[in-house]
């Protein structure tokens, strides 16, 4: 009855304790310092939306700034082995912007300017990819993105500030974590996701002509990818073997081996598809490797030369002479976004600041200026001016107080009147852009910004491409993983149809709150997009027949059968579109949460 009390177990203090980690907060930089590498991607205030992937054809060795969120692999997987790629994925770095270079990236071997757009012609010899950064999480904006990584819901819900913060309103620091662009250290080639044994036969887009109308993909060491006659690259998608027997098709694609360059070695890579397809008729013959050197070692464009070229398309002067009170509201895939006040009128504007020395592909900065300047439309964000301030490109544009559509799709539920209103505005902008040969390549909710009265505007033109009669298709891997079209992932030549697929994914986003496969790592999601049937709505029972029919016209695997923007503007579903004011209640609902 009066038994002894059990003796309380005493736990000693830790022995041999060492203080190895000291974390602090830099008030000037407004960021944590000394964080363990594993924590950096969890606690940074920067956005966690997927960023867009950028074609890895000219990734060079870099020294990134603060880790961001675009995923790049350190090397391409050999023989398309899924195991190798997934092992490599464990060691990828994660950056949330276009890698924020401390040095300028390699210049394009041959560049052209058409309708104000500058695009890389061919990939220069590559340097070793960046090895810095933390382990890649399955995230990917966007970039991306942007890239990139993933927005899988781990820990507190953090949806990354979209690389598309653009001129939108301030984004919360804490948002659902979106996988990461599309986008942003060597981009993994999503095609190498599968074992190199098969590519499902009968896929309509797989019969696409393999003309090399964009710069050819190259291996991590600057070596041309081995191509199957009608299929993707060996490091891309599922070439059955990597033996020398597959080399001739490689040369047919415009990436000849050293011995078969011949007199056309110096021609631009935008030769018409007919020439590229006719190449196999010439049997491969051994030859001296000498003629290859000019293509492998193009003359580098210095930072000063690039800056001088950019100076030709921007406005003279310094915006700080008439702008005050710069306040950072977000971080995008290529730089930061601030709001500023016009001294004379007190009007708020958005200013996107992009450091020339911290870009993965500098030439894409021309898109930021040229597209918004030359293709003005009521559903495209209006650009006021652009300037070179030191080594930064500043783009001054309208400030959209409503923020990004991402906030609405994440935290509210849209009805079909509101979904149709967004689709109508986006399609009106795309119809104009596509008619001019401009492909956006990063359509998603992060790229859609809203005015205070509910008007919808398309933004983020930094990853655009131009097609024309001379260059009818593109082949760069650019976009945000979950929104990418199957043919783009498969590295097949593509055109404006990829924007239509991405819009279809965005419709699913507006209905379900997230894109398909969003709980999967980006590489796995890209494999599923490439190999599976078109994704379906989770809440299919909530969709009307007209919405289902509209979605069926967007998400068609065969790009030739996919509807165009002009055709979709006549679809019955868009007759449901409400006025811009119908979007306002959603913005209010989001603000009151």
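The backbone N, Cα and C atoms fix where each Cβ goes, and this holds for glycine too.
Checking 74, 302, 476 against Swiss-Prot, you find phosphoserine recorded for 476. Checking 93, 181, 243 against Swiss-Prot for the annotation phosphoserine singles out 181. When secondary structure is read from DSSP and collapsed to three states, residue 476 (phosphoserine) falls in the coil class.
Note on the domain 'CRIB' (11-24): its mean pLDDT in the predicted model is 81. As a summary of secondary structure, the domain 'CRIB' (11-24) carries 0 helix, 1 strand, 13 coil according to DSSP.
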